[in-house]
Amino acid sequence: MYWKSDQMFVCKLEGKEVPELAVPREKCPGLMSEECGRPAALAAGRTRKGAGEEGLVNPEGAGDEDSCSSSAPLSPSSSPQSMASGSVCPPGKCVCSSCGLEIVDKYLLKVNDLCWHVRCLSCSVCRTSLGRHTSCYIKDKDIFCKLDYFRRYGTRCSRCGRHIHSTDWVRRAKGNVYHLACFACFSCKRQLSTGEEFALVEEKVLCRVHFDCMLDNLKREVENGNGISVEGALLTEQDVNHPKPAKRARTSFTADQLQVMQAQFAQDNNPDAQTLQKLAERTGLSRRVIQVWFQNCRARHKKHVSPNHSSSAPVTAVPSSRLSPPMLEEMAYSAYVPQDGTMLTALHSYMDAHQQLLDSSPCYPIQ
């Protein structure tokens, strides 16, 4: 917003001298034709209508009101429609572009070659008075305050969607505008630097590494006959931080390799390092693969070949009432004769000789 230049509003006053501060008299008619026709460049200027004897625009001064004269014939129409279509003010009066009434106030506002009452210039969205604002914006003949203009027509970041202000650092890519911090890889979230290669896929920025990964994913799915979209081929932040473990290829053995290892297993199921090295040289396999094969074979052998255990009947509880005290005749003895068991042999001979006497003796519980 700027004040109109003093020389732009010098009025030719009949019967009065043009002051020394103004331009010469012969230049005044040409300037008068520019008073109502010069664009305001999207800014509102507070103008004193008429300048009295001095003929200068002075928003802070006071004087008699005189109309401006023009050297060129002006349109007699003073309706709001004619003013909105770009016509200049008719001689002798100025019409407000908002209410259509003649402006007889001491001050007026001039925006984009149109005249306004100070009270009539307002935002077309929020209806805020712009009489004391330093600037205003025009779009399709509508007046906006700064806030509403940027809300409706301002540039937004293609990543975060927030407004980009004139003081923000930005990066541009294929017509898209990004905040400096928002110009980062979609997959790894790393901010890209100047001169670094990047790709723009469906409005998403990718660094070179993850762009190649996306192409590999698309190629692999096409080869497998699976349909996949570009969105599905993109790696997300979770996939980057927690990648899925790659499946290990299963090791296959030839008949000759199996024959060599099985022959060694029959001799020694837990070979040492030297034997493993010899087997690796003979079979062409790595020591680690052979060692794992022997571990698996030992586990299978231990599982299928277990020591023989005698089968026993399940033990069941018997009520104590059904139990009877054991009798001597129910007990079977087998004599164990060691090499120096002479005394034990004599004892057993004595017990056999007096068996009848023992059978007739009563049995008493031990107290």
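The first residue you see is number 1, and the count goes up from there.
Glycine is no exception: its Cβ is also placed from the backbone N, Cα and C atoms.
Swiss-Prot lists 44-79 with the feature region 'Disordered'.
Feature annotation from Swiss-Prot assigns compositional bias 'Low complexity' to 68-79.
What Swiss-Prot records for 96-148 is domain 'LIM zinc-binding 1', and it gives sequence analysis as the kind of evidence.
Residue counts for the domain 'LIM zinc-binding 2' (157-210) under DSSP, helix first, then strand, then coil, are 3 helix, 19 strand, 32 coil. As annotated by Swiss-Prot, domain 'LIM zinc-binding 2' applies to 157-210.
Swiss-Prot lists 246-305 with the feature DNA-binding region, giving sequence analysis as the kind of evidence.
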Q: By DSSP assignment, list the helix, strand and coil residue numbers for the domain 'LIM zinc-binding 1' (96-148), in that order.
A: 3 helix, 17 strand, 33 coil
Q. Quick one: DSSP breakdown of the DNA-binding region (246-305) into helix, strand and coil?
A. 42 helix, 0 strand, 18 coil
